[in-house]
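J.: Input: one structure, supplied below.
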Amino acid sequence: MNVTSLSFPYGESIQWFSAELADKLPKSPLKEWLLATGSLTQKLKTCCTQFEVKVLGEGLHAPLDGEYPQQGSVWIREVLLCLDSIPWVFARTLIPEKLMAERQADFLGLGTRPLGELLFSQDHFVPGRIEVASFETCSRLAHLAESLDQSVEHELWGRRRYFHHGEHEMIVSEIFLPAAEQAIRKLESEL
Ligand SMILES: C=C(O[C@@H]1C=C(C(=O)O)C=C[C@H]1O)C(=O)O
């Protein structure tokens, strides 16, 4: 996997839907993974022997159109969450500048440690609403999956979670790559 061939920031504009209002969700068990409220990292670690965060990039950038209204620039962190060296999730996190200023050491000090270790280890970060979206086979994220040697046979599914910290709100989006969807289905069939 040639991670360096991916261009940061990789995210793309997409229409997110409130999980409650979405009239179309994937079938189980992926649906349950999309709507799960705890740490995704913790959940993924139970599915592998070696968990790794590959950081694709971090930096201050303008959010995509409509992604984070009224924010000129945000701290963007994009990673691949890899299980036994296979990328399962592409994650894109948006942190408003004021929150970044307040918790700079925490966020800058993350490196290849999963963000979830920060968000779920302290009670300063309060998980909020979840939105979902599907990404067509022709989307930039589908191309990202293809560049990771994962063929995209149908739409990809992702979710976006809001975490509150005081009056600030950060956004964590996670797109499940084909390898994850296949493995999750296999895990379910073995139950
Ligand atoms: C928010 C979590 O952290 C995970 C790790 C991320 C990172 O290291 O950038 C980003 C999104 C999450 O999938 C979690 O574990 O639930």
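Cβ atoms are placed via backbone N, Cα and C, with glycine included.
It should be emphasised that the depicted structure is a prediction, and the values quoted were computed from it without experimental measurement.
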J.: The substrate site in TrEMBL includes Leu115, Glu174. Which of Arg77, Arg140 is also listed there?
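T.: It is Arg77, as the record lists it for that site.
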J.: Taking the centroid of the Cβ atoms of Arg77, Leu115, Glu174 (substrate site), which other same-chain residues have Cβ within 8 Å of it?
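T.: Checked against the 8 Å cutoff, the neighbours are Glu78, Val79, Ala91, Arg92, Thr93, Pro114, Gly116, Val172, Ser173.
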J.: Can you check which residues sit near Arg77 (substrate binding site), meaning Cβ under 8 Å from its Cβ, same chain, 6 or more apart in sequence, and list them in order?
T.: Val55, Gly57, Glu58, Ala91, Arg92, Thr93, Ile95, Phe107, Leu110, Leu115
J.: Around Glu174 (substrate binding site), which residues of its chain at least 6 apart sit with Cβ under 8 Å of its Cβ?
T.: Leu40, Leu81, Val89, Phe90, Ala91, Gly158, Arg159, Arg160, Arg161
J.: Would you count the other CB atoms within 10 A of the CB of Leu115 (substrate binding site), including those on all shown protein chains?
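T.: Its Cβ shell of radius 10 Å holds 24 other Cβ atoms.
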J.: In Å, how long is the longest CA to CA span across Arg77, Leu115, Glu174, which the record gives as the substrate binders?
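T.: Across Arg77, Leu115, Glu174, the two farthest Cα atoms sit 12 Å apart.
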